[in-house]
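Remarks on the structure that follows.
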Amino acid sequence: MAMGTGAPGCDGLGARCGAFMQSAEQVHLWDLMGWSWVGVVSGDDAYGISGVQLLLKELEGSDVCIDYLEVIPKSHTLSKIRRIIERIQSSKARVVVTFAISPDMEVLLREVVKQNVTDRQWIATEAWSTSSHYSSWSGISLAGTLGFALRQVDIQGLGFYLTQLSPGGQQMQPLTQTVWEEMFGCKFVVESQTNPLSGPQCTGLEKMESQGELYFDVIYNVYKAVYAIANAIHDMLICQPGKGPFKNGECPDIKLIRPKQVRKNYMKKLSVKILFLLYFDENGDLMEISPSALQVPVSVCSESCPPGTRKAVQKGKPVCCYDCIPCATGEISNATDSTECNKCPERFWSSTDRTVCVPIQVEFLSFRDNMGIVLSVLSVAGATLTGTILAAFFHHRDTPLVRANNSELSFLLLISLELCFLCALPFIGRPVPWSCMLRHTLFGISFVVCLACVLSKTVVVLVAFRATLPGSNVMRYFGPFQQKAGIFLCTLVQVVVCVLWLVLAPPVPTESAGGELGARVVLLCAVGSVAGFTLVLGYISLLAGVCFIMAFLARKLPENFNEAKFITFSMLIFCAVWIAFVPAYVSSPGKYTVAVEVFAILASSYGLLLCIFAPKCYIILLRPEKNLKKNMMAK
């Protein structure tokens, strides 16, 4: 990659000039290639030191980090060279940037070839990038090397001047002495020097022809920079008032030329032909060649963080080394390498991959859900079946079987069971204030009426047979009026509890998180008053327990009148359902808690209906010959 570069501010022998030009271009190249993790190898001289210093300055505020910085010693000790190569091979940085002159690089690269290091992308500076010396022995180790090179132009007289350069009587001139020492890697002895030399001593007989070409490019770069600045200053001097680059077309003060004015206001417009064209951008910087045609290797400390994650710098490491942390629930990132996750707005939640915010899903036990449809069908079917049995009983109300089982209590029990089946419907559908209040109160009162009727029937049967004993007059306390009064009082207690519950702290619609926290909202009915809810269920449980005990005591009554046996069985089913309901209700998530409650209501209602009335319906509808008074009184 050839870079025709030039810039003001070059000093010394061109070392700082070459480094200055290439440092900015190096960083720009890395950015284009996507390299954020590189290693640097430099020479132990002015060229390497100044190059690294300027490179580090260019990296300030960039997204590029340096993994290691190794210096090639002038002594070229093999152990130190091998240590540098070990560091290169152990690093995750596949890109190796060099700031060293050709003799130093040759020592390093020969050992690289010897150890067959082939998985590194070398970036060469102009000091060795265009040299044909390496092609004869580098093999595949340096294949694909990218190099910065200064365009070579023959400056008339420059080569002859350099080859004639000799320390001789000019030894005390600092410029000539420094050039000589850097070219040949030696040191001149100074009369006042007392410390031993750190390298070989310069004799002054070294041949410039063998090394001079190493500095042709650097000197030519200075040549271009001088011409570029000269032309910019020339434009300043010939500036016409009204056509200047400043406000209102003013021209600069040529008595005090400022470098910033030259760079920002004139060099950016400059196209100077210095044996070839130089083009400067709007900031006065030289434009560069695009590397888009290259096959780019990957050199990063950490892979890019995909959308849905954020970067978290690894402790004790540069900013280029980071972990990709998934965004928390309710937060997203929709770009690669995001440094933070953004919280979703209200009523929105993060998608599964944390890349977009989606509306929160609202769930409730709906009439359109499969489970809602099944429960609705069971509810309506139960109510229809109860209504059919009620009609059959009313049609056969004068038969011995119906009259023997207290027809009025049977009708009231069937009506209450009808309500028990229908009270399941308010539990299905979107919760609203009226449905929340209706579902629990209707359920509580319907079941109390039902259990009160069962209890009354059981007590009457039990007392009726006790009353047949000589001298017993108990039945006068359990006549029709007393039975109705008992049912009324039992129901009144539950009504009072429900009224107080609705007045003081009624059930209301509420939201709760379902599934992944916050991703879904489940609409439920909050009970409002836990005490009210507990009293309603507790009172139902109390009546169910008393019914079971009374029916159990009456289980050995004569066969034809043994309705208590069926009541006992129905109470067993009732109690089993509601005992199992508690753990199932607590462990069920979201809308399934409502489904569990509806199922318990329907199961217990079906248990009461079928256990108590199925045997009677069998006789009434299928075996009418048994529905005779003599059969009822046989035993």
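Along the chain as shown, residues are numbered 1 onward.
Glycine is treated like the rest: Cβ placed from N, Cα and C.
The feature domain 'G-protein coupled receptors family 3 profile' is assigned by TrEMBL to 371-635. When pLDDT values are averaged over the domain 'G-protein coupled receptors family 3 profile' (371-635), the model yields 82.
Sequence annotations record features per position, and here TrEMBL assigns transmembrane segment to 371-394 (among others).
Here TrEMBL flags 409-429 (among others) as transmembrane segment. Within the same chain, residues 364-367, 372, 375-376, 378-380, 382-383, 386-387, 389-390, 393-394, 402, 435, 438-439, 442-443, 446-447, 449-450, 453-454, 456-457, 460, 483, 487, 594, 597-598, 601-602, 604-605, 608-609, 612-613 sit at least 6 positions outside the transmembrane segment (409-429) and bring their C-beta atoms closer than 8 Å to a C-beta of that stretch.
Per TrEMBL, transmembrane segment is recorded for 441-465 (among others). Counting residues 6+ beyond its ends, the transmembrane segment (441-465) has Cβ neighbours under 8 Å at 405-406, 409-410, 412-413, 416-417, 419-420, 422-423, 426, 474-475, 478, 483, 486-487, 490-491, 493-495, 497-498, 501-502, 536-537, 539-540, 543-544, 546-547, 550-551, 553-554, 557-558, 561, 563-564, 567, 570-571, 601, 604-605, 608, 612 in the same chain.
Per TrEMBL, transmembrane segment is recorded for 486-509 (among others).
Here TrEMBL flags 521-554 (among others) as transmembrane segment.
Outside the transmembrane segment (566-586) by six or more residues, the chain places 454, 457-458, 541, 544-545, 547-548, 551-552, 554-555, 593, 596-597, 600, 603-604, 607-608, 610-612, 615 with a CB less than 8 A from a CB of the stretch. Per TrEMBL, the feature transmembrane segment maps to 566-586 (among others).
Residues or ranges marked as transmembrane segment in TrEMBL: 598-622 (among others).
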**Report entry** Interface-richest range of 371-394, 521-554, 598-622 toward the transmembrane segment (486-509), CB pairs under 8 Å
**Finding:** 521-554
Report summary line: Same-chain residues at least 6 beyond the ends of the transmembrane segment (371-394) with CB under 8 Å of its CB atoms are 365, 402, 407, 410-411, 414-415, 417-418, 421-422, 424-425, 428-429, 592, 595, 598-599, 602, 605-606, 609, 613, 616-617, 620-621
